[in-house]
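Per TrEMBL, the features are:
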DOMAIN    28-310  domain 'Ammonium transporter AmtB-like'
TRANSMEM  27-49  transmembrane segment
TRANSMEM  61-83  transmembrane segment
TRANSMEM  135-154  transmembrane segment
TRANSMEM  166-187  transmembrane segment
TRANSMEM  199-217  transmembrane segment
TRANSMEM  229-249  transmembrane segment
TRANSMEM  261-279  transmembrane segment
Amino acid sequence: MAAEQIAYTAKEFAPAVPGWLNKGDNAWQMTASTLVGIQSMPGLVILYASIVKKKWAVNSAFMALYAFAAVLICWVLLCYRMAFGDELLPFWGKGAPALGQQYLLGRAKVPESKHRGYNDVDDITQPLYPMATLVYFQFTFAAITLILLAGSVLGRMNIRAWMAFVPLWLIFSYTVGAFSLWGGGFLYHWGVIDYSGGYVIHLSSGIAGLTAAYWVGPRLKCDRERFPPNNVLLMLAGAGLLWMGWSGFNGGAPYAANIDSSIAVLNTNVCAATSLLVWTSLDVVFFGKPSVVGAVQGMMTGLACITPGAG
């Protein structure tokens with residue numbers, strides 16, 4: 001009887017369980033956040049360290065590790081509200097810390113920028129969990145964007161230059177794209193749709209990576225002639241973490257544990273498997289044998305391509 005009374009009291013009156021909180025949505029969103037975080041740490045840390053030459057392994061792993069930590073601090077101090085806060089410009093939010101207890105314990109809003117709905121009423125999407133959950137979920141997206149970008153300059157960039165580049169690109173590039181689409185900015189009002197990062201994450205990191213590689217310059221000629229991975233088994237382990245984490249990447253995008261998230265998770269895995277098998281088959285057709293590196297590339301291609309439309 002006493003145990004039942006305690007359970008009843010906790011359910012009805014505990015300040016940690018407000019009336020608007022949906023425990024299932026909150027649990028799934030935190031799980032999805034963790035899965036996306038695992039893609040970067042340790043997924044891409046292991047993948048990058050293993051797929052490059054041995055002499056670049058530690059530097060490549062450290063670039064990913066540093067980016068994960070630096071993005072988190074910049075995110076809660078300034079960048080979250082630049083990407084999802086009140087409008088400053090049509091493509092930028094007002095930067096401010098996202099650390100206050102009152103702010104983090106309030107109900108999440110996505111986007112905070114209001115948009116005109118039916119009957120000229122301002123609508124704000126409000127998931128059924130606290131702002132703290134949303135801040136962390138969106139951080140993992142921002143972190144993996146920087147780490148994906150790092151893949152274009154592995155073996156090219158000094159770690160000190162990377163340490164300066166990460167916060168600058170996050171502030172002046174990522175937040176612009178995120179606010180323009182997901183924060184209620186001008187692209188959102190133009191009707192542009194990005195389910196889970198096709199524009200904000202993959203397109204932006206791809207273009208930035210290409211630009212960075214161009215300006216940093218090519219690797220030495222002797223390094224370009226032969227570029228074998230230094231540890232194939234660890235490379236596969238990192239790729240596996242990346243693949244499994246992608247279920248949180250696309251499954252968390254609806255901001256709820258609903259039918260859309262279920263379909264997105266299934267679509268994500270089917271596309272990754274299909275792309276891996278097609279790439280491996282093409283390796284056999286054109287080169288006479290399958291390739292482990294090719295299989296990993298095919299997997300990553302499938303994951304990236306399905307992301308904008310997984311849901």
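Using N, Cα and C of the backbone, Cβ positions are placed for all residues, glycine too.
These numbers come from a predicted model, not from an experiment.
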For the transmembrane segment (199-217), distant same-chain residues with Cβ under 8 A (at least six beyond the ends): 141, 144-146, 148-149, 151-153, 156-157, 165, 169, 173-174, 177-178, 181-182, 187, 192, 304, 307-308
Of 27-49, 135-154, 229-249, whichever stretch has the most CB pairs under 8 A to the transmembrane segment (166-187): 135-154
Winner by Cβ pairs under 8 Å against the transmembrane segment (61-83), considering only 27-49, 135-154, 229-249, 261-279: 135-154
Contact set, same chain, for the transmembrane segment (229-249): CB under 8 Å, 6 or more residues outside the stretch: 31-39, 42-54, 57, 141, 144, 196-197, 265, 268-269, 272, 292-293, 296, 299-300, 303, 307
